[in-house]
Structures are given as C-alpha cells and as structure tokens.
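*Asks:* This is the structure I want to talk about, given as structure tokens.
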Amino acid sequence: MRNYNSFESITIRLASPERIKEWSFGEVKKPETINYRTLKPERDGLFCEKIFGTTKDWECYCGKFKSIRYKGVVCDKCGVEVTHSKVRRERMGHIELAAPVSHIWYYRSVPSRMGLLLDMTINQLKSVLYFEKYVIIDPADSGRNRGELIDEDEYHNYLDEYGDKFIAGIGGDAIKELLARIDVDAEARVIRQKIQDKNKISDKRIFKRLEVLEAFRDSGNRPEWMVLDVVPVIPPELRPMVQLEGGRFATSDLNDLYRRVINRNNRLKRLLALKAPEIIVRNEKRMLQEAVGALFDNSRRKRTVKGKGNRPLKSISDMLKGKQGRFRQNLLGKRVDYSGRSVIVVGPELKYHQMGLPKKMALELFKPFIMKRLVDLELAPNIKSAKKKIEAEDKEVFDVLETVVKEHPVLLNRAPTLHRLGIQAFLPVLVEGKAIKLHPLVCHAFNADFDGDQMAIHVPLAPKAQLETWMLMLSPHNILNPANGQPICGPTQDIVLGIYYLTSEVKDAKGEGKFFTGLEEVMYAIETKTVEIRSKISVLHEGKIIETTPGRLIFNQVMPKGYVYINRTLGDKETNKIIADVYEKFGPGITVVMLDEIKRLGYRYATVFAPTISIDDIRVSPQKEGLVNDANKEVEKADMEYRKGIITNEERRKKVIEIWTKTNDRITEGMFKELEKDQAGFNPVYVMAASGARGSKQQIRQLAGMRGLMAKPSGEIIELAIRSNFREGLGVLEFFISTHGARKGLADTALKTADAGYLTRRLVDISQDVIVSEDDCGTKANITLGIVKEGENVIVSLADRVFGRYTAEDLVDPVTEKVVFPKDTLITRALGQQIENLGYDKIKVRSPLTCRSRHGICTKCYGMDMARLVPAEIGEAVGTIAAQSIGQPGTQLTMRTFHVGGAASATIQEKEHKVPFRSLVKSINGRLVTNANGSKVFARRGTIIVNRLIQEFNTESLSSVRIVDGQRLEKGEVFASQVGESIEQRITSDQAGTVSLIGTTLRILGDDIVIPVKIGTILKSEEGQIVEENKALAEFDPYNEVAVSETAGTIVWEDLEIGKNVRRDVDPKTSNIILKVVEQKKDRLVPKVIVGSDGYSVPVDALLQFQNGDKVREGDVIFKIPSVAEKTRDITGGLPRVDELFEARRPKDACTLAEIDGKIEDKGEIVKEKRILYILPDSPEQEKVKVAIPIGKQIRVRQGDFVKRGDQLDEGNFDPHDILAIKGPSALHEYLVSEVQEVYRLQGVHINDKHIEVVVRSMLRKVIITDSGDTSFVNQQQVDKFLFDEENDRVEQEGGSPAQGTPVLLGLTKASLNTESYFSAASFQETTKVLTDAAIKGKTDNLMGLKENVIIGHMIPAGTGMKKYRDIEVFKEMPGDLDWDLDSEEEEEELSELSEAAPVSTATLSKLVAEEDEDEDELEEEADDSDDEDDDD
C-alpha cells in the first residue's frame, strides 16, 4: 500500500466521460434512496449496496455470506461484494445522461471558458443551451460563419436551400459538436500570428482566448469534456441519510439534487423512447440542464433550487466554499482530542516554565498514560479495570498521576491566537480546584487577564511531539516578541509597582547617611528597623563605596553576577530594557531565573507598599482656574478677529481647538507637578502612572486636570472643551458631550476586531509559503536604510533600523579608512551602536525585498530571527511570522481605542519653520516678492537650506589650521591646534561635518537640511545669517494654502461668475462677504484670476479675497484654500489605512506624478473635464509629455516651473501603482514600508521593517508581459517574475528574443488568488473560480507552501517537517536519557541549561527525533526501567 506521505504533488484536470465511468462501480438508475419499511438501500438507487458496497461489515445484502472469511466474494444472489463498510466512503457511481449537458462552472463563470473557446458571449451560449436559438456548425455555402446564431425560421430556410450540407444544432449536443471540432493547436497559432502582425491589440478578449486555448493544448484536456454525457455520483457516506427519533430522516441536500437529476433523466429517456413531440423533449432537456447545473453549483443560478422551509439547497460547490466549507472547516481547522478548557487564575508561586493543572482535568487528559502505568505497576490487572479505578478516583490513581504528569509538557492556548505566542508549552504542576493557574509574566504574550478569561490545554502524545514541544515551545524559549525582538515577558501592574517602590529613594528617611559594609548588615538593619528600605545610605560594594538605598541593594541581588549595579528608580520601561539587556548578554536561561526573582520581589514589595486610592489623592492643580480663564479670553479674542473678518470661521475653529489643546497640556503639567509634590512623591495615583503600573497621563488628566476636547461620532472635534474633571464632576452638557466618545469607542472595537482578523487572514495567506530555504541567494541588490526623522526629531535611530540585518557592503571607519565591518556582517544591537558612532546616517543592507531565492527566502536577506536573536534558520516559517506580527497589533489597537473614553487628541499645528539647534542659513530658493509690510513672501513653492553649526572659531586664535574650505571632517578628526599657556592643544571635530572658511571665521557645519516651503510663507531670516535654536526661519499659515500676487495690478476674473461658480455668502455674525468657488458641472469653466500677465488657476472650495476689478499690491493673498479639518487620529483611521496599503487600492483622489524631468507648459487647454498641462523635457530627443488633471483640483505647479520625475503636480494622495510605474520598485518599497510603519508608530507599536518587507515582496511577485518576444507568454499575461526570468534565459540560450515585462503590484487578495498553489488559493476565496481555472490548465500543485500540506495532511515543509529531514538515517546510539528532573535540588541549574538550549536548531531537533524513531522500543524500555528505579527510591 502507498504511504500517504509518498506523493509529491497533486494535479487537477477535467474528467473525460471514459474516466468517470472508470471510477464508477455501477450506474444509478433510480431516484430511490432507502426502503422505508426495511430501512435497507433500494437496488440501483442512490444508496445501492451493489454499486457502493455493503452497509454492514463483511455481509452481503441478502445475508447469504456473513463472515470475514468470504472477503472479496461477490454474492450470486444479490450481487453485493463481501467487504468492509468503509468502501462506501470511496466507491463512486454514475448517471448516464440521455442528452449532453453543459457543466455550469465552464459556461456560467466569468470569463466563460466555453464562451472564450467558441468566441461567444454567456448570453449567446445560454440561448443555445436553453433551446432558444440554433448555432451554425457547418455553414456550407450559405455565406454565414460557424458559431453564428440563427432562429428557427432561418434554420428551416437554410435546410430547404442547402440540404444536408448545412449543419446547425441546438442545445448541449450542438455545443458539444462545436467544441469537438475545435483544433486547439491551429487556433492558437492563428491568434498568435494575428497578435504579432497587428503588434498592439487593445482587445483583451483575444489574449484571454489565446490563454484558454493554450491551457487546453498544454494540459491535454479536450474542450468537449466541458459538456457532460455522464454525471459522477459521489459515495453515499459523503452524502449520508440518518434516521432521527420519530421515524423521520435527515438527509444531505445532495441527495435531493441527485434525485432531481435522475427523475428528469429517466423521464427524458422515456420521452425519447416514445418519440414524443420535439417541444416536450426540448423542455425536458432544458430541465435536465437546470438540474445538473443546480447539482454542481446551486448558488450560481439566479433562481436557486429551494428545499423545505424555502432554504436554498447546498450543492457540491457550496460544500467547498466559505468558512463552513470543506476547506476551511474540516481541512484547515480540525478539532483536537486530549484537550480541555477552563477558567484561568493567577499563579504567583509558579516558576516561569510551569502552569497549574487541576487534578480533575489531569485525570481525564492523561487517562491512557495513567491506565498503562497502573497496569505496569500491577495496581490493576487489565486496562478495563484500570479505567474503572480512574473513574472511581481511587487513592493510588493520584499517586500514579503525579509521576505521569511530572515531565510531560502541555500546551496552553488562549483564543484569539493572534500570533505564535498565543500557544506555549508549560510543565504541569497539579493543583486543587477547577481553574488553570497561569504564570503572571506570560499574560502579556497571551493577552490574558484574570477577569474570567478561559484557556484551552492540549496534551502532546507522541514522544516526537513531546520532544518538539519541550525544545521549541516551552515558555522560557519564548521570552522575546517575534515582531520586534523586545522582551514580551516584562513585569506589569503589581510587580512594576513593587519594583518602583523598592528602587525609589525618599529624602530624610530613617537611617539616612549611615554606612554599611555589605548586604548582610543592611538586611539586619532593616529587620531591626534602624533603616528604611528607601533611605539613602552608603555601602561597600565590590571594593567601592557607593551611595544607594537598601531597596536597590536587594534588587541587585537578583541580577545576574557580573551585571552592572543598577542605582536608579525603575519603572516598567526601564525594567523591560534591563530584561532585554540581560537576555542579550547572558542568554535565556539566566533571564528566566531573574524574571522569577523580579516577580517575587515585585509582589512582596507591592504588598509592603500597600497603596490605596482615595478621592483625596486626586489633587487638582491650583493654577487650573487661571489657565482656563486665560484660555476663555484667547477664545474670545479669536471670535473677535473672526467678527472683524480678519480670519475665516474655519480658521477660528482651528484656533479655538489649538487654544484648548495647549491649555489642557499646561494644566496636565501643573497637575503632575502637584501630584509629584504630594505625599513625598508617593501619592498612589501618581506612583501608578509614573511607574507605568496602571493608568496614563491621559487618564489622570481626566481625573484631576480637565477632560479636554471631545470628538463627535463622525470623528470631528467639538470645539466646546470640557473644562471640568471627574474629581470636580461634569455639568449636564459636558456629560452629554462625553457620552459620544465613550460609545464610539465600544462600537468601533466590535466592528474593527473583525476587520483586523480578516487582515491577518489575508496576510497569512499571501506570505505563508515564504520559508527560509537557503543560506545565501547571492544577490547583489540591496536597500539603503537611514534614520527616520519627523522634521528634525529622530524617531527611529539608525541602530534600531539596521538591527538584525546583514550589511551589503564593507563599512569603513571614515577617519582611519580601514574596513571595520566587512560585507555580510550580522548587525547586533552593539554593532548597530558602533556603526552609528562612526557617523553613518544610512547604510546599505540586505533585504527580503531584493532576495532572489526562487522558493522562499534566504538567511542573508532575511537576517536575524527576532524571537531568538540568532540568524534565521533554514526551515523557519518567516512569512507566517511576518503576517502575525503585522496582524496582531491591528486587533490589539482596535481594542484599545476605548480606554481614553473618547477624549480627542488634536495635534497642535506649527506656524513656523524652526530647527532645534544653532544653524547657518545656507540658501533660500524660490520666487520671493515684497509685501505691503516690507516682508519677503514666497510667491511659489521653494526651499530653505540650513546647516547645523557644530563648532565656530576665529582662525586668528589658532596657531595652525590643517584644513581647507569645503573639506569633509569626520568625528574626532584633528583639524587645528592652539598654543595654550604651556603646551599646544589639538582641536578635534565634535561631529562629522563640512568646513566653511570665510575670512577669519572657521565653521564646522552639519549636512544640508532642506526645509520645503509653501506659497505665502513670510521669510524671517536671510542667507548667510546665523539663527539661534528654535528661532523662526519663516512663518506660514497652517490652516490654508494660498496664492500670492507676484506683481501689483488689477484683478481680472476669468470663467468666474457670481451665481454660477462663485457663491456669495454674507457671514451672519460678522456681516463680511465670503466669495467661495463651487463646482460647476454643466459649463466647462476653467476659473482663473489674472493679475497683469500672470494667471492663477482657482480650485474648487477656494475663498476669493478680492472682487473682480479690485486693485492688488505685490505679495497680497489673492485666494485661500482651507486645508481639511483635523479629525482625531487613531487606528480607526489607521486600520483601514493599513488595509488600503496592503490591498494596493487606488486612492479616490490620487495625485498626478510627473513622468519625466522638465518644464511645465500651461496653455489653458481643456479636454473632457480635464485641464491639460505639458512637461517639456530638457533633451530634444525626448517627446513632451501630456498630463491631464481634473478641473477643480488644486494644481501645485505653474507655467515655467521645473519638475523632476515623480514630483507631485496636484493635491491628493499617492497611488502606489503610479509610484511603481514612474519611480520604480525600490521607491514603492520605501513608500509602502514607511506608510505602514507610520500608522503603527502613531499607536506606539514597534514592528520590525523586515516583516512588512516580506509581505510587500509577495505583492510584487508578478510581471505583466508587454512584448512576448519568442517566449510562450501572451501579451498582457501576468506571470511570476522567477518564471519570467527562467523562460527568458531559455529563449536567449536558443538564440531567440526575450519577453519584455513590467512589474505589477497586486493587493493581498489578488496576490493570494494568483499563487502558484491552487490548493492555497481555493481555500482562501473564490473557491470555484480558482478550481475551474486550475482544472482547465491541468495545474499541478507541488505542495511547496504550508497551507496546501495542512490540507492534504502532510507535515508542513517548515522546521522539522522539511523534506530533507524526513529521510535522515542515524547510525549512532541514543544520547543518554532524555528524562530530565526539574524538581530536584539542581533545579535552577537544570532550568538554565534547558533555557540555554533555547536556540536549538531545527536540524539538531530532527536528528534527535530521527534517532528516537530508530530505537523507540528501546527508549520505552529504558524509560520503564528508570521509572522502576524511581519507585525503588
């Protein structure tokens, strides 16, 4: 018998009628199922025993043969073979159809494969199949074409005229005949020739048709097989019929559908035998077509076949589709035996690798092990009595239970399992009660809390499974978060509070200033209460006297030997940093021991501190009232300005929001200072927030500051701020406003959780086959990673960005010019810091985006495995990890919105350009005009370039200068010397920079900082000027985009008319006139304002500042365009944004990008509601490029402006597809990674870039063929880029011309459906469509990914399941005994060793497993012996 693991691939094809008959064990002729009296299957019916096999094991239908010894005998009386009843799950039957019927998948799906082959539309096919029109099969000399449709009258006329030569048909027969006459080879050749002759054919249908023809040619399928003569009947056990109480039957819907087919087929046979009139026969044939269609795919039809209770029947297709379908319900998700679930409670006494297992559960879960053990120890004579003993819960059962459970790891899982840390292994410790005990530090990984959460427990049974659980899944091996390499096991809540208390310092506490010689003395002093835990004392530590506190001394005792003495107050963030540091320096074993000790100390001292919160602890800042009054005055002032018409209503609104945001921040500061002073810095509310144990600044602000601004349900901010806090109590109106946000939070949570889950599912689907498959793909390509800045603030340092990557080039020390880090060095945290110290701000590294591995990815491109901080191993399923890392925070974030209770966080708008250090203004670029106040104003977009002033000297004070103007200096380089009183001092550079020598002034300047400046910005500095830190370089209007007059003159309106496209409003409050440009659909107006010779195009929503004929001066604002009102930014905006990016959707108002470098020419042309601009290239060889921009959109460029390729020409969001087409793949990579990261960064979530890169790489795997050359591709065909390269190499070797293609970006869903594996695609979405396509192409699934292997029940090809590990032969003895004793004296040592083994390699593990296979019996005997020895002890 073949082993189920022995096949390498699965092919899907169309079945020919002969093949269907080969499968079949007999024809089903009757629609009957079972006899209602005898309850036995009817002969020749849908459950017939003769066809499908016997219902009782080893017994025929009539009972003549009743025993296994007649195996294989066919009964001469009833014709049933004596066999196992299991064959009823595999034997098929068939129905011979009286007339051919078209398969619904091939004619109804879009695009219709049948239609493409015959060059007919679905409606034309339908009219032939449903007997409305005839189709010409052989036109003879009639002048008509084959495949044309004619009606009945025409048909008879042609028959009379041309006799038997003219052939036309109707119904399935005709379609079958047409398909059979297609010569696939010849047709494909003709179309290819056509495409080459015409070169550019826009009709996509031709390419589609060629694709289908070639699919049939290459797969060996015949087109006429899409029309069925024989329908297969699936085995009866797969469409069962069960008796319910009360004598009724429940049956699968398929039986009803089959019965309809058989009934209609039999009726048709009778009608044909009786030579019934054509009209009746045709009607019956049409009904048969309907019935077979409904059987295969009922949901595809407009009028579905309904069963009892008007419910649509589930057809064969419906059984595969959707969440409840075969793929997702039964093949990808199965129920697990030996599992249980219970409520969890906290187990502070547990070690990190332990969980508390209730005895009741253990008894049930380990039943077979206990039974075997009872029999082995002769406490029970046989298995049956052992079982009875367990059920009676005898005393000796519990003794045995202890030994059975002892070294047997179990898996704990909490739903939803959003990332791999949602399932971890622990060693069980038996506990009383019914609740599972969980270690408090693993809660974060599971996202568990103890408010009624439940967890599931699973028992690994096989020795191999136990070994793998032990070496890979035990909790000490899962200390780090795979998303970012940070510890996920950090202490929270009570523990943090205890550690904060323990390590803090109090002034003037008892015993302050005392000296001690060591820890023992200090502990004695604490016991005798001569010194307090938080007093400042001096202690002799490692030969030095240090100032510290007893608490810190105690804390440092639990730190590993050799770790630096920690002498500061620790909050949650600091503690986490220490854990990360210890992990990197000492490994997981020591870290785990330390974690347990920190947990012990934390709980102990939180108990000693024993904080409680009362209403008096919530201190309101005394300055609050004054600050609120000031704010009210400022708001009034803004109202005043608005009434006078100085600012618009929108500007006023934004100003008010900004005033309240600032006031709220000031009140918060004051309140925190107040709390800090209270109770010597130990106000419980303050301590909880400051230590990071619970609560945040945001929440305490609402308790003791002011609640601040709230958001409407729409997300807009209500300008009426809530001035009260919860301590004072809210007014009625304030309370009412508050309720919006609170509800929105809860509603969002419910809706978004589902969205985040769906995002994760799509991410997993696209990246599940990315597995580390080789060590190095050898690519020369790489990416450049640099510091991430927002303005001038560094958000992500270089060391953080390049952590865990391989360098792609040699890194040289700029001073000594020696290679410090050669190419292909793995960058650890320490190395990253060194690279940063060398003065690099960007370096080239290897990246998943540029990996050339055909299947999966290589170690060098992927870099470090973030969960273990070692290079990723071959077999690591990095795609799935990437998907989980991106998807998991999505769900988290959506759940986190409601904690703030809807308080809006408005971002304060900057009004000035400034830099946070002294700097030199290098140059000011742009068109500047002088306004009425004498200030210089930018009339077009420009830039200000500044350099940081690092050092400044007067050369006269220096004795020697060794550098010249413009020279580059590295950090620490000597560039001058100065004679001091006695010796010569050498002067070195503080930072890398460039030398500027002007006269006697020597400056060292940082790199150019380019500040983009918008129109209307007022300049506050000059070229060559030194500007102090945080002083304004320029000032702008943050709320509006403006247009500035470049000359003085008279306003002339062109295509602007009040009442048509200009709305004239009078503001009711201020009586000012507002002129707003509105959209005008009917007339093609191109609104412009002309001043002198300059024209300014006016977009929709612009507010005109002057009327027609008004005089303007140079630098006046002609019109303003209000920028969109700020909505609050939270992941509610963020999750859809991530979704949009990964699905590569084109944004609604995408901006237009310049396709080449050149000058703008604007002739004012209008074509089809669009303005036409031209870009004139520099070189005369290039042609000018035409750009169409919708009327009403704000254009960013004007006549004569110079643009670069990829520059934005109008307002709007970037379209990723445009970026790919114009700027290329690397710009797109950068755009997608940075945009996704921005959303997560806003929420404070850290995800390593490489995870996003893995997904983006999978989105860019396809190429669209633009010119097929001599390859087998078709134009417009989408092919895998590796396949594209392989085919091109083949053609070039044969001397042909290769194909040309452009990379194409596919969204998650599209890319998943286009994977090479049809199994993976079919189980994702659009199951029938995928299978239809795969069957026609005769696709073979090579089972390379994880998903397809799970579906067919193979081991997944990752980790220890990789093919290369399956055939390992081992020739040496078993290495020692694997029974480890964790509860012995050397417990901690053992645990350290166990955890040190954390980065156990998959290869090692597989060897162990293989060795175990070799000698499993021996191992069991050995284990038994060792158990006996235990008993002797």
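Each residue, glycine too, has its Cβ placed from N, Cα and C.
Below, the features straight out of Swiss-Prot:
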- Cys60, Cys62, Cys75, Cys78: Zn(2+) 1 binding site (BINDING)
- Asp449, Asp451, Asp453: Mg(2+) binding site (BINDING)
- Cys777, Cys851, Cys858, Cys861: Zn(2+) 2 binding site (BINDING)
- 1383-1393: compositional bias 'Acidic residues' (COMPBIAS)
- 1411-1433: compositional bias 'Acidic residues' (COMPBIAS)
- 1383-1433: region 'Disordered' (REGION)
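Let's see these features in context: how buried, what's close, how far.
*Replies:* If you draw a 10 Å sphere around the CB of Cys75 (Zn(2+) 1 binding site), it holds 20 other CB atoms from the protein chains shown.
Taking the Cβ of Asp449 (Mg(2+) binding site) as centre and 10 Å as the limit, one finds 13 other Cβ atoms among all the protein chains shown.
The Cβ of Cys851 (Zn(2+) 2 binding site) has Cys777, Thr779, Ile857, Cys858, Cys861, Tyr862, Arg1257 as same-chain neighbours under 8 Å, each 6 or more residues away in sequence. Cys851 (Zn(2+) 2 binding site) falls outside any helix or strand according to DSSP and counts as coil.
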*Asks:* Could you measure between Cys60 (Zn(2+) 1 binding site) and Asp453 (Mg(2+) binding site) for me? Cα positions, answer in whole angstrom.
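*Replies:* With distance taken Cα to Cα, Asp453 (Mg(2+) binding site) is 54 Å from Cys60 (Zn(2+) 1 binding site).
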*Asks:* Could you check which of the binding-site residues Asp449, Asp451, Asp453 is the closest Cα neighbour of Cys75 (Zn(2+) 1 binding site)?
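*Replies:* The smallest Cα gap between Cys75 (Zn(2+) 1 binding site) and any of the binding-site residues is with Asp453.
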*Asks:* Have a look around Asp453 (Mg(2+) binding site) and count the other CB atoms within 10 A of its CB, chains all included.
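*Replies:* Excluding its own Cβ, the number within 10 Å is 17.
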*Asks:* Name the residue among the binding-site residues Cys60, Cys62, Cys861 whose Cβ has the smallest number of other Cβ atoms within 10 Å.
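*Replies:* Each of the binding-site residues Cys60, Cys62, Cys861 was scored by Cβ atoms within 10 Å; lowest is Cys62.
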*Asks:* Among the binding-site residues listed here (Cys78, Cys777, Cys858), identify the one with the smallest other-Cβ count within 10 Å.
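*Replies:* Each of the binding-site residues Cys78, Cys777, Cys858 was scored; lowest Cβ tally within 10 Å is Cys78.
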*Asks:* How many other Cβ atoms sit within 10 Å of the Cβ of Asp451 (Mg(2+) binding site)?
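*Replies:* Cβ-Cβ neighbours of Asp451 (Mg(2+) binding site) within 10 Å number 5.
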*Asks:* Around the recorded Zn(2+) 1 site, report the further residues of that chain (criterion: Cβ within 8 Å of the mean position of the Cβ atoms of Cys60, Cys62, Cys75, Cys78; site residues excluded), sequence-ordered.
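*Replies:* Counting only non-site residues, the set is Tyr61, Gly63, Lys64, Phe65, Asp76, Lys77, Gly79, Val80.
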*Asks:* Among the binding-site residues listed here (Asp449, Asp451, Asp453), which has the Cα closest to the Cα of Cys78 (Zn(2+) 1 binding site)?
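*Replies:* For Cys78 (Zn(2+) 1 binding site), the closest Cα among Asp449, Asp451, Asp453 is found at Asp453.
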*Asks:* Using C-alpha atoms, which one of the binding-site residues Asp449, Asp451, Asp453 comes nearest to Cys62 (Zn(2+) 1 binding site)?
*Replies:* Asp453
*Asks:* Using an 8 Å cut-off from the Cβ centroid of Cys777, Cys851, Cys858, Cys861, can you name the remaining same-chain residues around the Zn(2+) 2 site, in sequence order?
*Replies:* Glu774, Asp776, Thr779, Arg846, Pro848, Thr850, Arg852, Ser853, Ile857, Thr859, Lys860, Tyr862
*Asks:* Under DSSP, is Cys861 (Zn(2+) 2 binding site) part of a helix or a strand, or is it coil?
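*Replies:* The three-state answer is helix.
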